[in-house]
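Novice: For reference, Swiss-Prot lists these features for the protein:
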DOMAIN    9-207  domain 'Glutamine amidotransferase type-1'
ACT_SITE  86  active site, nucleophile
ACT_SITE  181  active site
ACT_SITE  183  active site
DOMAIN    208-400  domain 'GMPS ATP-PPase'
BINDING   235, 236, 237, 238, 239, 240, 241  ATP binding site
């Protein structure tokens with residue numbers, strides 16, 4: 001009998017902070033299951049979830065505005081510990097009778113917080129000792145408003161020179177508020193604070209580990225699928241690969257994977273996928289060579305959004321054709337992960353904004369009458385990777401840089417042609433190979449090559465050449481929300497450029513993209 005890995009659970013209410021998912025990831029890293037919900041949940045939903053503790057996230061709004069979000073009243077009557085972070089602390093203070101004011105001086109960035117009273121939250125946690133002998137913490141602040149009066153029965157447990165109540169506590173009710181962000185790495189002891197809250201204050205046991213997640217997923221897949229057959233679109237990416245391994249472990253040959261080679265993959269990628277999953281791991285795989293079909297659908301299309309939609313549409317058509325041949329398949333497996341679930345379940349106050357359409361969300365035919373199997377829908381990407389390692393997938397494959405769903409379709413600018421894809425594949429392979437050779441691959445967050453549909457004059461020997469241009473792109477980022485261009489050594493870039501131009505007939509010039517995000521996006525399209 002597998003352990004109940006959901007036995008202990010934390011509920012995180014999202015007030016719109018860019019860091020909210022980080023809170024959830026930190027709690028999961030502690031080994032405890034948690035879910036992230038919009039702030040406007042009902043008492044009934046909270047009761048049904050039955051959390052051992054609740055965390056109120058930060059957010060961009062001001063508590064001083066009458067229509068700003070508030071925690072459901074039941075949060076403070078549920079009898080469980082509550083931790084308010086930044087905006088979460090402010091709304092806790094205001095809702096429980098304290099006073100919050102807008103400040104003309106924002107606190108943003110590193111700050112030193114002095115602990116003025118002992119508390120369960122900060123027990124044995126310090127970065128330094130002040131002259132008067134009190135513990136001090138190095139933290140990350142990001143707020144304009146501040147708590148000016150704490151509620152009755154609360155005590156101030158930390159201060160900064162500009163923030164009279166940097167943290168507060170009601171030890172009897174186990175309510176805590178911190179004005180800083182313990183979830184970000186800049187708050188040096190942040191992970192320990194969250195661990196104290198989750199384990200010592202909420203009394204949660206660490207049951208959420210890669211091994212127990214696999215055990216639980218396998219049991220659930222077996223229960224759901226029974227003796228039926230399952231079909232999965234295997235791309236060779238992290239999510240679909242881990243889904244394939246999980247379902248294969250659960251039901252073996254009842255799983256059939258369909259690998260669609262759309263002509264938009266990296267160099268030798270199709271061959272690598274077939275060798276790894278078919279030959280090495282022994283999965284049932286059908287390989288569909290659909291390059292011509294995809295390139296034909298992309299003919300004459302230059303707009304990036306239209307290209308994405310065309311690629312998505314053709315994938316669905318090809319997959320649908322193959323699934324109809326598998327008469328006994330009753331279940332469709334998908335690599336949906338928790339951030340996809342969070343995105344689609346946006347708060348009913350709805351403030352989401354689409355920047356780029358995602359090729360893998362929705363879009364399956366209405367007449368595909370199959371049940372869905374989504375074994376990763378509770379997991380963040382970093383958890384998916386750790387589960388993959390536990391399942392025996394190679395590290396280099398799981399921690400490879402992100403590759404867009406539409407593949408080279410959005411790395412060839414403008415119209416996609418076979419000639420362009422072939423040139424780009426080879427140029428990109430050289431760039432990635434050299435990053436590995438120079439031990440730079442894992443020092444950048446993402447690196448790739450872009451094909452520019454413009455010709456440039458070059459010189460080769462005594463002759464003049466008039467060939468295509470490619471751009472190298474490498475960025476450093478923590479969360480892919482913002483990114484800096486990677487300052488790769490000039491001699492390295494020169495070496496890569498020489499190799500590409502000398503080894504690939506058809507490319508005459510290599511440029512390096514030095515745009516950050518913002519204002520640019522990481523991918524060009």
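The backbone N, Cα and C atoms fix where each Cβ goes, glycine too.
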Novice: Looking at the active-site residues 86, 181, 183, which has the shortest Cα distance to residue 238 (ATP binding site)?
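Specialist: Looking at Cα distances from residue 238 (ATP binding site), the smallest one goes to 183.
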Novice: Restricting to the chain of residue 181 (active site) and a gap of 6 or more, list residues whose Cβ falls under 8 Å of its Cβ, or answer none.
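Specialist: Correct list: 19, 58, 85, 86, 139, 140, 141, 142, 187, 190.
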Novice: Using all protein chains in view, find how many other C-beta atoms are within 10 Å of the C-beta of residue 238 (ATP binding site).
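Specialist: There are 22 of them.
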Novice: Take the Cβ of residue 237 (ATP binding site) and count every other Cβ within 10 Å, whichever protein chain it belongs to.
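Specialist: For residue 237 (ATP binding site), the count of other Cβ atoms within 10 Å is 17.
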Novice: Helix, strand or coil by DSSP: which one applies to residue 239 (ATP binding site)?
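Specialist: Going by the DSSP assignment, residue 239 (ATP binding site) falls within a helical segment, counted as helix.
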Novice: Starting from the Cβ centroid of 235, 236, 237, 238, 239, 240, 241, the recorded ATP site, name every other residue in that chain with its Cβ within 8 Å, sequence order please.
Specialist: 234, 242, 243, 335
Novice: Let me know how many other Cβ atoms fall within 10 Å of the Cβ of residue 236 (ATP binding site).
Specialist: 21
Novice: Could you work out which of the recorded positions (183, 239) has its C-beta surrounded by the smallest number of other C-beta atoms within 10 A?
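Specialist: Result for the recorded positions 183, 239: minimum number of other Cβ atoms within 10 Å at 239.
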Novice: Round to a whole number and give the Cα-to-Cα distance in Å for the pair residue 183 (active site) and residue 240 (ATP binding site).
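Specialist: On Cα coordinates alone, these residues lie 29 Å apart.
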